[in-house]
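Annotated features in Swiss-Prot:
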BINDING   ASN69, MET98, TYR127, HIS163, SER185, ARG186, GLY187, ASP226, ALA227, CYS228, ARG229, GLU265, TYR292  substrate binding site
BINDING   HIS269, HIS333  Zn(2+) binding site
BINDING   CYS409, CYS412, CYS416  [4Fe-4S] cluster binding site
Amino acid sequence: MNYTTQMDAAKRGIVTKEMEIVAKKECMEISKLMNLVATGQVAIPANKNHKSLSPEGVGQDLKTKINVNLGISKDCYNIDAELEKVKKAVEMKAEAIMDLSCYGKTEEFRRKLIDMSPAMIGTVPMYDAIGFYDKELKDITAEELLAVVEKHAKDGVDFMTIHCGINRETAEVFKRNPRLMNLVSRGGSLLFAWMQLNNKENPFYEHFDKVLDICEKYDVTISLGDACRPGCIEDSTDPSQIKELITLGELTKRAWERNVQIIIEGPGHMSLSEIKTNMLLEKKLCHNAPFYVLGPIVTDVAPGYDHITSAIGGAIAASFGADFLCYVTPAEHLRLPNIDDMKEGIIATKIAAHAADIAKGIPGARDWDNKMSRARRDLDWDTMFELAIDPEKAKRYRAESIPEDEHTCTMCGKMCAVRNMNKVMDGKNINILREDD
């Protein structure tokens, strides 16, 4: 193999098997895709050691992708339950799965996940460090943190969230500009605490070249984490968030010089009115690198319904340029999601992604909707169920309330506009009060 990473291959004019697969999935000319990868506008996360991967592209002119978070915690340590979630996420065609395990020895679960998953796999090595070394945060060294990154890369992780942007300068901006919710990024807050406790620079920022060495070796895409993402709408688009974003843009250029692929992570919680501006800022400051957003969650008052607040923000964000949506479940801010929560989160996020693809004019995005509309016009319920984003729920709702006229539903019955227009346009009587002829 005479290239190091997907970006290196693209710059050399080499078509990789991963590029071929992505181009086919996206109905895109391979030459266009290669140019987008070469310029960093598209990333194809594909670790050389992830043998079960079905690669996906993330970025400009591609379908909006979704990520599913799962993993074990101290309070919910059940590997089998998390593996069931993996199966469900794959069944529901999530393009990415992030293992956010934050307790104990996580290697067993991570390796099983990578072995069984065709979806691209992401991790946050910072979460793993405390359990991996069985040390308190303050006592972990910079070298040990980098060793965890290499361990995850060697295991086959396709992309890693690394919070390189919360350096000393960004930390000072944060301290000078108090927030209502401080820092809500788990990995970012751990790094900030490590820096404060040890009076040292962020090791991932200070040793960024060593991070690049590891990622180049295994072709790991760096998902540059946003430690300063807003955790409430009051804190959005503030000096800390913007200072970190500028730093991420600078690190992006350094990574691209080494042919390491980059994804930028973004907010977070913010008002609907700020979403477009934030998408434009990221694309400008980070040189059109792919943008990966958590939500954005557009109101802070809906615990139990944050899959909805997130889907609203995600649809708008993706329509204005976000490329990758992290799902949010109804359990957000409340507890570890169960498999039912996960399904609700996936469906909500897939709806947001698809709605955005229609708005962006992604080729073929409207075809799905047009097929559904034709089935509705024809009152073809079997085809409607086949095309539904959640066939199981659609079938269950219809079965719960059977209409007199099997072609309609119990909302309108024989006053169904579709039924009656079909009949009238065919020159037939609509017969609302009596049996059809």
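In case you wondered, yes, glycine gets a Cβ from its N, Cα and C as well.
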Of the binding-site residues TYR127, CYS409, CYS416, which one sits closest to HIS269 (Zn(2+) binding site) when you measure Cα to Cα?
TYR127
State the Cα to Cα distance, in Å, between ASN69 (substrate binding site) and HIS333 (Zn(2+) binding site), rounded to an integer.
14
Between HIS333 (Zn(2+) binding site) and SER185 (substrate binding site), the C-alpha gap once rounded to whole angstrom:
13
Rounded to a whole number, what is the top Cα to Cα distance in Å among the residues the record ties to substrate, namely ASN69, MET98, TYR127, HIS163, SER185, ARG186, GLY187, ASP226, ALA227, CYS228, ARG229, GLU265, TYR292?
20
Would you kindly give the Cα-Cα distance separating GLY187 (substrate binding site) and CYS412 ([4Fe-4S] cluster binding site), rounded to the nearest Å?
52
So for ASN69 (substrate binding site), how many other CB atoms are inside 10 Å of its CB?
22
Provide, as an integer number of angstrom, the distance between the C-alpha atoms of ALA227 (substrate binding site) and CYS409 ([4Fe-4S] cluster binding site).
49
So for ARG229 (substrate binding site), how many other CB atoms are inside 10 Å of its CB?
26
Sorted by sequence, non-CYS409, CYS412, CYS416 residues with Cβ within 8 Å of centre, [4Fe-4S] cluster:
PRO403, THR408, THR410, MET411, GLY413, LYS414, MET415, ALA417, VAL418, ARG419
Which of these binding-site residues has the least crowded Cβ, counting other Cβ atoms within 10 Å: HIS269, HIS333?
HIS333
Where CYS412 ([4Fe-4S] cluster binding site) falls in three-state DSSP terms:
coil
Euclidean distance between Cα atoms of ARG229 (substrate binding site) and CYS416 ([4Fe-4S] cluster binding site), Å:
48
